[in-house]
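Here the structure is laid out as C-alpha cells; the discussion comes afterwards.
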C-alpha cells in the first residue's frame with residue numbers, strides 16, 4: 001500500500017510539473033526515480049504473492065498460467081489506454097491541458113486504489129515472513145543454491161534486452177526508416193492488441209507442451225518477425241504492420257511465460273520476494289542498457305530525422321535478434337533443470 005501511494009504521487013508529479021522552468025530536468029529525474037522505485041516495489045510484492053498460488057492449488061501450472069494471462073492482459077489494456085490518453089489530452093488548447101492532466105492523474109490514483117483494495121480483500125491471504133538479517137542471509141543462500149533459478153537468469157536477461165532495444169528505437173525506425181510517422185499510433189496499437197490476443201494462445205500451448213518450450217517457440221517467432229525489418233524501407237508500411245502483429249503475438253509469450261517459469265523453480269518454503277527482486281532488477285538493467293542505444297547510434301553517425309541510417313537498422317533489427325537467439329540457446333541448454341524443478 002505504501003508503494004501504491006508513492007506511485008500515485010510520483011505519477012501525478014510526472015504529468016503536473018511545477019510552472020517554473022529552472023529545475024524541470026531535476027524534477028523529471030526525481031519523479032522518474034520515484035515512479036520506477038514504487039513500481040518495482042509493487043511488482044515484486046504482487047508477483048511474489050501470485051507465485052504462492054502454485055502451492056495452494058492442485059493444478060499449479062494451470063493456475064499460474066491462467067493468472068499470468070489475466071495479469072498481462074489487463075496490463076496490456078492499461079498500456080494501450082495510457083498510450084492514447086496523453087496524446088488526446090495534448091490535442092486540447094493549452095489552457096485546458098493542465099486541467100485535463102490533473103483529471104488523468106486523479107483517475108490513475110483512483111483506479112490504483114480500487115485495484116489495491118480489491119487485491120487486499122479478495123486475494124489469498126499473504127503469508128508474511130521475518131525480515132531479520134538471518135532470514136535475509138538464508139534467502140540469499142537459497143537463491144545461490146537454486147541451480148534452476150541461476151540458469152534462468154541469463155535467458156531472461158538477454159530476452160529482456162531483445163525486447164527493450166526495439167521498444168527504445170521503434171519511434172525512430174518508423175519515422176526515419178519507414179518514413180511513416182503518421183502511422184505510429186496504428187503500428188503500436190496493432191502490436192499491443194496482438195499481444196493481448198496472443199496471451200490465451202500461449203497459455204493453452206504451455207498447458208500442452210510446457211512453459212519453457214512454449215517460450216522458446218515465442219522467441220523463434222519474434223526472431224523471424226524482427227529480422228525481416230532489416231529489409232524494410234520507405235513505403236513498406238503494410239509489411240511493417242504484419243511485423244507488428246507477428247511480433248506482438250510473440251510478445252504475449254514474453255509477458256506471460258517467464259514469470260510462471262520462475263514461480264515453478266522457487267521452493268515451497270522459500271521467500272518468493274527475494275527471487276522476484278533479482279528478477280525485477282535484471283529487467284530494469286535491460287531497460288537501462290537499451291537507453292544507451294541512441295548515444296551509441298549517434299557515435300556511429302545516426303541523426304534523428306535523417307533517413308537511410310544503416311546503424312539504426314542494425315540496432316533495431318539485428319541486435320535484438322542476436323540477443324533473442326542467445327536467450328533461446330541458453331534456454332534450450334538449461335531446459336532439463338527447469339523441467340526437474342517444476343516437476
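Cβ coordinates come from backbone N, Cα and C, glycine included.
Annotation source TrEMBL lists transmembrane segment at 31-49, 69-91, 97-120, 153-174, 186-203, 215-234, 240-263, 275-300, 306-332.
Take the transmembrane segment (153-174) and the stretches 186-203, 215-234, 240-263, 275-300: counting Cβ pairs under 8 Å, 275-300 has the most.
Highest Cβ pair count under 8 Å relative to the transmembrane segment (306-332), across stretches 31-49, 69-91, 215-234, 240-263, 275-300: 215-234.
Taking every recorded stretch in 31-49, 215-234, 240-263 and counting its Cβ pairs under 8 Å to the transmembrane segment (275-300), the highest total belongs to 31-49.
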